[in-house]
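The structure appears right after this line, and notes come after that.
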Amino acid sequence: MFSMSRKQHASMYGPTTGDRLRLADTGLFAEIEEDLTIAGEEAVFGGGKVVRVGMGQNGHRTREEDPDIPDTVITNVIVLDWSGIYKADIGIRDGIITGIGHAGNPDTMDGGTIPIGVSTDIIAGEGKVLTAGGIDTHIHFISPEQIEAALVSGITTMIGGGTGPSESTKATTITPGPWHIHQMLRSLDGFPMNIGLLGKGHATASAPLIDQIRAGAIGLKVHEDWGATPATIDLSLSVADEFDIQVAVHTDTLNEAGFVESTREAIGGRVIHTFHTEGAGGGHAPDIIALAGEPNVLPASTNPTLPYTVNTVEEHLDMLMVCHHLNPDVPEDVAFADSRIRTETIAAEDVLHDMGIFSITSSDSQAMGRVGEVIIRTWQVADSMKRQRGPLEGDTADSDNNRIKRYVAKYTINPALAQGISHVVGSVETGKFADLVLWEPKFFGVKPFMILKGGQVVNSIMGDAGASIPTPQPELYRPMFGSYGSATSSNSITFLPRVAIAAGIPEQLGLNRRIEECHGIRTLTKQSLKLNGETPSIHVDPETYEVRIDGALITCEPAEKLPLAQRYFLF
């Protein structure tokens with residue numbers, strides 16, 4: 001019987017069960033738990049390779065007569081998902097993941113689950129890593145250029161609010177009122193990015209809130225700059241319960257209308273999505289972080305404080321003054337800014353992520369956050385925590401699968417769950433929309449190799465278009481065919497609430513995109529979130545700002561050196 005070494009097998013077909021991959025220049029190692037492809041029957045495309053007519057490709061079945069034939073197969077790829085780290089072929093049809101297993105020709109190959117046909121295209125995944133597209137639930141739609149910056153970082157869904165560079169958009173993730181919501185839905189219709197908008201959750205009666213939901217808002221945002229009072233929070237949640245949408249909250253830093261206990265009482269056990277729950281981005285000073293222990297709170301971080309480094313505190317003051325329209329010549333404004341920037345709570349934030357207490361990472365784009373760094377900074381936290389805290393339970397020095405799955409969940413499945421869109425996006429599984437990101441391991445988390453939306457390549461590393469092959473320098477991220485023409489109408493999604501779809505908003509506005517409903521939000525608890533659902537008792541000392549979890553002091557050292565940083569951006 002023929003045999004080959006692991007090294008030779010990995011060079012031809014990619015790694016297999018038991019092999020390990022280092023993720024870029026981090027100290028994290030992913031070990032392949034299972035190989036769903038069949039040894040000796042691997043589907044590989046190219047000259048003299050397997051996927052040829054009569055061999056690995058079936059030559060007589062049509063797409064119409066065989067509903068299992070995919071439009072695209074990604075071969076021999078390492079899937080890195082909250083659900084597992086494994087090797088498989090991925091079949092995609094009509095923009096949906098239809099098969100995860102072994103691809104080939106059922107007439108000539110045994111054990112295949114994904115038939116390759118005449119209508120099938122091949123993307124070579126050998127030696128590469130595949131993740132679900134990232135989801136950022138904290139977007140200030142200030143500049144349309146954010147969309148490309150997010151896309152080339154691996155983000156395929158952006159949820160938030162705004163109207164452009166207005167003062168209130170620079171401060172709050174809110175698209176206020178039906179007219180602005182409709183104009184933004186029209187504006188965003190042609191971009192290769194899934195979109196959901198948040199309306200303004202600030203009213204004294206239900207009607208103005210309901211108007212925004214009927215207009216297309218998939219959530220309401222409550223923000224202190226508009227007045228995050230207990231009454232405002234309570235009313236927004238009451239309306240959200242009626243229409244099955246999310247409420248996102250940035251609480252009252254100044255404690256003008258009440259303290260964290262007042263907000264907890266106003267929430268009243270109802271599910272809510274808290275933004276920058278550590279507090280530097282805003283929220284009850286100094287103890288908003290305590291809400292992360294509540295079973296009904298879905299806590300997120302924004303990326304400026306992730307990970308905690310020697311530069312974190314210093315950069316925040318100027319950033320905060322700009323984002324919240326504060327005046328450095330006014331002592332009260334400076335005091336407001338100072339109250340939000342606390343070394344002790346920032347130092348606890350990374351540890352809370354590592355313990356699975358903080359559940360989601362997001363950007364706060366151009367409003368104290370960097371839209372293209374959600375994924376980078378998530379993995380920088382994971383690396384920093386491994387270096388400081390050692391392996392998670394069940395991991396070893398050479399295998400970090402539990403930590404890796406916990407962290408990938410923070411920007412994929414968990415934000416999808418929080419916004420009621422996990423039935424469509426957020427993970428690599430059959431039946432989900434094929435928003436997928438392909439990575440070379442040496443660039444994992446920092447520079448994707450290829451981004452697919454709805455099964456179509458929308459952006460990729462590409463060399464000089466006038467060259468004889470695709471790879472000559474300069475290799476840059478460039479929009480691909482899926483970003484042009486009317487392709488985005490099928491490869492990108494606008495998420496709407498049920499009531500807006502029933503009211504015919506897509507038809508009224510002439511939207512050409514795929515429309516999907518958000519739902520299942522109001523029954524969520526923190527336990528619904530994958531691998532990040534811990535609910536301990538969290539206490540902040542009101543004088544020292546020290547954070548304790550079930551009585552134990554929680555802190556970490558600021559990082560002086562990070563992976564996924566300068567060496568990847570020299571040119």
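Just so it is clear, glycine is given a Cβ too, placed from its N, Cα and C backbone atoms.
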Figure out which of LYS49, LYS221, LYS447, LYS453 sits with HIS138, HIS140, ASP364 in the Ni(2+) 1 site per Swiss-Prot.
LYS221
Need one residue: from HIS182, HIS250, the one Swiss-Prot lists with LYS221, HIS276 for Ni(2+) 2.
HIS250
Please report how many Å separate the Cα atom of LYS221 (Ni(2+) 1 binding site) from that of HIS276 (Ni(2+) 2 binding site), as a whole number.
13
8 Å Cβ shell about LYS221, HIS250, HIS276 centroid, Ni(2+) 2 site members excluded:
HIS138, THR172, THR173, VAL222, HIS223, ALA248, VAL249, THR251, THR274, PHE275, GLY281, GLY282, GLY283
Among the binding-site residues HIS138, HIS140, HIS223, report those whose Cα falls within 10 Å of that of HIS250 (Ni(2+) 2 binding site); none is a fine answer.
HIS223
Taking only the Cα atoms, work out how far HIS138 (Ni(2+) 1 binding site) lies from HIS276 (Ni(2+) 2 binding site), in Å, as a whole number.
9
Spatially, which candidate from the binding-site residues HIS140, HIS223, ASP364 is nearest to HIS276 (Ni(2+) 2 binding site), comparing Cα atoms?
ASP364
Here the binding-site residues are HIS138, LYS221; which one has the lowest number of other Cβ atoms no more than 10 Å from its Cβ?
LYS221
